[in-house]
Amino acid sequence: MGDLPGIVITGASGRMGQMLIRTVLESGKAKLVGAVERAGSPWVGRDVGEAMGGAALGVICTDDPLEAFAKAQAVIDFTAPAATVEFAALAAQARAVHVIGTTGLEAEHLAKIAAAAHHAVIVRAGNMSLGVNLLVKLTQKVAQALDADWDIEIIEAHHNRKVDAPSGTALMLGEAAAEGRGVALADVRDSGRDGITGARQRGDIGFSAIRGGDIVGEHDVLFASPGERIVLRHVATDRAIFARGALKAALWGQDKAPGAYDMLDVLGL
Ligand SMILES: NC(=O)C1=CN([C@@H]2O[C@H](COP(=O)(O)OP(=O)(O)OC[C@H]3O[C@@H](n4cnc5c(N)ncnc54)[C@H](OP(=O)(O)O)[C@@H]3O)[C@@H](O)[C@H]2O)C=CC1
Ligand SMILES: O=C(O)C1=N[C@H](C(=O)O)C[C@H](O)C1
């Protein structure tokens, strides 16, 4: 165990936080050395194993990220944009690999993360699963092969606790489609139609978001033209796929030079 990379999980009590803790513990490839929650969380000061309803693990959840990161070779972070920006600077200070799964990041957050990547390895992706990253490549190839007679629409569905839309995955797919078309997504993005919107603009990439129940994550990329349609689809049924991808990224990053990477780098796609 001594030589295994030490991992800190931020947002430890969250849906992904708890899944990540279980994944690290079961992997045999890394050891859990810390868990971080925000000040005031009932988890702070508790053993994380007990907080998850099991046996004690000897890892106490803290609200002091710097203290936790100092012991870590990697920080896996699925939290919220403001927290992730703070963690990026602190992980870089500790020279720990920072794996970012947080979505809903705006340009101002991304600029700060890029600055931290000058000093440490950062792997960021709106979706860490193998299947979605493969879908990203397929989307780019299909969009490249088809002209703007084919309307591109991205439809995503998630659980009713999700706070951002379009999902990080939908935006990855939109970026891939735009790249395939040789355009900038910002110039063709059409999100949140409502009311008298006018007819669809040729070349636009549309986004629709469904929120309900406990849907883990579903993404369709629709290519629609007169007389025929192509649908590329990914359905996630278990959050373990994201946690496994994140742990793979944390291990992959151990011998890499400082910089900004994504899951396509990790998976060699
Ligand atoms: N890239 C990928 O593959 C995936 C990405 N995600 C993304 O991961 C993020 C988290 O998702 P999910 O786990 O469902 O959300 P949850 O709300 O269940 O978990 C987020 C956790 O982060 C905690 N948190 C927020 N701010 C801080 C802070 N400053 N310090 C410490 N902890 C903090 C929250 O605490 P509190 O509740 O007190 O706010 C909560 O426990 C989302 O952005 C989601 O889109 C999700 C799945 C896959
Ligand atoms: O919030 C979620 O749950 C998920 N978020 C990511 C996203 O925004 O795409 C990944 C996955 O779809 C689950």
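Using the three backbone atoms N, Cα and C, a Cβ is placed for every residue, glycine included.
Predicted automatically and left uncurated, TrEMBL annotations should be read as such.
Since we're looking at a predicted model, the values are computed, not measured.
TrEMBL annotations:
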DOMAIN    7-128  domain 'Dihydrodipicolinate reductase N-terminal'
BINDING   Gly11, Ala12, Ser13, Gly14, Arg15, Met16, Glu37, Gly101, Thr102, Thr103, Ala125, Gly126, Asn127, Met128  NAD(+) binding site
BINDING   Arg38  NADP(+) binding site
ACT_SITE  His158  active site, proton donor/acceptor
BINDING   His159, Gly168, Thr169  (S)-2,3,4,5-tetrahydrodipicolinate binding site
ACT_SITE  Lys162  active site, proton donor
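Annotation for the recorded positions His158, His159: lowest Cβ count within 10 Å of the residue's own Cβ, His159. Counting only same-chain residues six or more apart in sequence, the Cβ atoms lying under 8 angstroms from the Cβ of Glu37 (NAD(+) binding site) belong to Thr10, Gly11, Ala12, Ser13, Gly17, Trp43, Val44, Cys61, Thr62, Asp63. In the domain 'Dihydrodipicolinate reductase N-terminal' (7-128), the DSSP tally of helix, strand and coil residues is 45 helix, 26 strand, 51 coil. When every Cα pair among Gly11, Ala12, Ser13, Gly14, Arg15, Met16, Glu37, Gly101, Thr102, Thr103, Ala125, Gly126, Asn127, Met128 is compared, the largest distance found for this NAD(+) site is 22 Å. Candidate recorded positions: Arg38, Ala125, Asn127, Lys162, Gly168, Thr169. Those with a Cβ under 6 Å from ligand 2, in sequence order, are Asn127, Lys162, Gly168, Thr169. Summary of the (S)-2,3,4,5-tetrahydrodipicolinate site environment: with the site residues His159, Gly168, Thr169 set aside, the chain residues having Cβ atoms within 8 Å of the Cβ mean position are Thr103, Gly126, Asn127, Glu156, His158, Lys162, Asp164, Ser167, Ala170, Gly217, His219.
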